[in-house]
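Copied over from Swiss-Prot:
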- Tyr140: active site, proton donor/acceptor (ACT_SITE)
- Lys168: active site, schiff-base intermediate with substrate (ACT_SITE)
- Thr51, Ile209: pyruvate binding site (BINDING)
- Thr50: site 'Part of a proton relay during catalysis' (SITE)
- Tyr114: site 'Part of a proton relay during catalysis' (SITE)
Amino acid sequence: MSIDQLRDVKLITALITPFHEDGSINYDALPDLIEHLLAHHTEALLLAGTTAESPTLTHDEELELFAAVQKIVNGRVPLIAGVGTNDTRDSIEFAKEVAKFGGFAAGLAIVPYYNKPSQEGMYQHFKAIADASDLPIIIYNIPGRVVVEMTPDTMLRLAEHPNIIGVKECTSLANMAYLIEHKPEDFLVYTGEDGDAFHAMNLGANGVISVASHTNGDEMHAMLKAIENSDLKTAAAIQRRFIPKVNALFSVPSPAPVKAVLNHLGLEVGPLRLPLVACTSEEAKRIIKVVLEEDVEATRETVTGVVRPDY
């Protein structure tokens, strides 16, 4: 696997995990879900990320999920596997296992959470993972979830490693601009914030790793295409209509809103695993109206939530 599989990919969906009511993974729901995403312009899939509720998935469940998705996708789009933990040794072993498993363009490794490493600790952590495996690594920098933030300078140190191929950046547009300006040519920068996609792409980002593409993939594709064609007027118009939908999709802890919309669409992705809980019926109704534009007035109103969510 190599960076070439992802070089031209702009819209990556961070795949949710469908569950039965008893909390077991609903593998039968995966084919319809994945076909829905591919029909609406998803160009790659991230498995076992935050949106997949990965903290509640066992290691064996993640491997079973990888195998199931690979069988359905059958090479049609690149796949990225979530491999990172806050234990360097565990992350190394997982990256090795995924490399041996095969079929993945890269592994996504999150900045270590809870133990709050220094910048040097972060550097050593990712270097150790990248040194130990042939699996290309994408760093996931999301301080809202892990408390600590990798600085752009640390990121650029790691970008020199031949096996670290990119970052999913969820900090600030200022950091993203700095990274894009100073990164090596073959280092990919993705925004992990749906609400920032318009700005990030105009700064020169390679793409977006998205939650909203589950429900609004056509709009995202149209916006990205307009930016690619230098039609900023059209792209900006799409972004203005898109922002309330992003707000709705992050108005309560994710992925509860996106699951509510997908269930409404008949995709049967089911509930969430505790400690996350589903939207209330009233929350779900409001979110669905905004995200699917079933009520234009609701879309115009302020929806609780922010473009850069804490969830």
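Placement of Cβ uses the backbone N, Cα and C atoms for every residue, glycine included.
Counting only same-chain residues six or more apart in sequence, the Cβ atoms lying under 8 angstroms from the Cβ of Thr51 (pyruvate binding site) belong to Ala14, Leu15, Ile16, Val211, Ser254, Pro255, Val258. Within 10 Å of the C-beta of Tyr114 (site 'Part of a proton relay during catalysis') there are 9 other C-beta atoms, taking all protein chains into account. Of all the recorded positions listed here (Tyr114, Lys168, Ile209), Lys168 has the Cα closest to the Cα of Tyr140 (active site, proton donor/acceptor). In this structure, Thr51 (pyruvate binding site) is part of a helix by DSSP. With respect to their backbone Cα atoms, Tyr114 (site 'Part of a proton relay during catalysis') and Thr50 (site 'Part of a proton relay during catalysis') stand 15 Å from each other. Every protein chain considered, the tally of other Cβ atoms within 10 Å of the Cβ of Thr50 (site 'Part of a proton relay during catalysis') stands at 22. Thr50 (site 'Part of a proton relay during catalysis') sits 11 Å from Ile209 (pyruvate binding site), taking the CA atoms of both as reference points. Counting every protein chain shown, 27 other Cβ atoms lie within 10 Å of the Cβ of the residue listed as 'active site, schiff-base intermediate with substrate'. Across the structure, Lys168 (active site, schiff-base intermediate with substrate) and Ile209 (pyruvate binding site) place their CA atoms 7 angstrom apart.
Within 10 Å of the C-beta of the residue listed as 'active site, proton donor/acceptor' there are 24 other C-beta atoms, taking all protein chains into account.
Ile209 (pyruvate binding site) has a Cβ environment of 28 other Cβ atoms inside 10 Å.
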